[in-house]
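Heads up, the thing below is written out as C-alpha cells.
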Amino acid sequence: MSSPAPPLLVPVLVAALVSVLSALAVLLTLWVISTFCCRRRAIQTPPPPVQVEHGPDSLLPVVRDEQPMRDPESCLPLDPRPLDPAWELDRQRLKLGSSIGEGYYGRVLSAKFSVPGGGSDPVAVKMLKNNFCKADLMDLVSEIEFMKQGLL
Ligand SMILES: Nc1ncnc2c1ncn2[C@@H]1O[C@H](COP(=O)(O)OP(=O)(O)OP(=O)(O)O)[C@@H](O)[C@H]1O
C-alpha cells in the first residue's frame with residue numbers, strides 16, 4: 001500500500017494539470033485559426049498568368065499555358081506575332097481555296113502554293129477562326145512549334 005500524497009501536493013498537481021490543459025487548448029485554437037487563414041489565402045490567390053517565352057532558335061514564342069480554361073476577358077485583339085524567317089513563306093504565292101474542315105480553334109482551307117518555274121503544290125492552310133482568343137493563338141503557336149520540331 002502506498003502512502004497518501006501530502007495534503008499540499010494534490011492542489012499543486014491539479015494546478016499543473018489545468019495549466020497544461022489550458023496551454024494545449026490555446027495551441028489547438030491557434031492551429032485552427034492559422035489553418036483557416038492559409039486555406040482562405042490559397043483560395044484568394046489568383047492563378048498564375050499565361051507565360052509566353054521566346055524559344056532559343058525561333059522567333060515564334062514557346063507557349064506555356066498555365067491556365068487552359070477559356071477566359072472571355074482574353075478575347076481581345078492581339079498584336080501580330082513576330083515572324084520566323086526560317087519558316088515563313090511568301091503569302092503572295094498562296095491562293096486560298098475552299099474549306100476542308102474546322103477544329104476547336106482553327107479552320108483549314110485547301111490552297112495552292114505556286115512554285116518557282118510555274119505550277120503549284122496543293123497545300124492545307126490552317127488559320128484561326130474569327131474573334132479568336134489569346135488562348136486560341138497560344139494553341140496554334142504550340143501546334144506550329146510541335147510541327148517545326150517534327151513532333152506532329
Ligand atoms: N494538313 C491537312 N491536310 C488536309 N486536311 C487537313 C489538314 N489539317 C487539317 N485538315 C482537316 O481539317 C480539319 C480541322 O483540322 P484542325 O487541325 O483545325 O482541327 P482538329 O485537329 O481536327 O481538331 P482540334 O483543333 O479540335 O484539335 C481536320 O479534321 C481535317 O479534316
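Quick reminder: no glycine exception, Cβ is built from N, Cα and C everywhere.
According to TrEMBL, the protein carries these features:
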TRANSMEM  12-33  transmembrane segment
DOMAIN    94-149  domain 'Serine-threonine/tyrosine-protein kinase catalytic'
BINDING   K126  ATP binding site
Spatial neighbours of the residue listed as 'ATP binding site' that are distant in sequence (at least 6 apart) but have CB under 8 A: G106, R107, V108, L140, E143
Reduced DSSP assignment, K126 (ATP binding site): strand
Segment confidence, the domain 'Serine-threonine/tyrosine-protein kinase catalytic' (94-149), expressed as mean pLDDT: 91
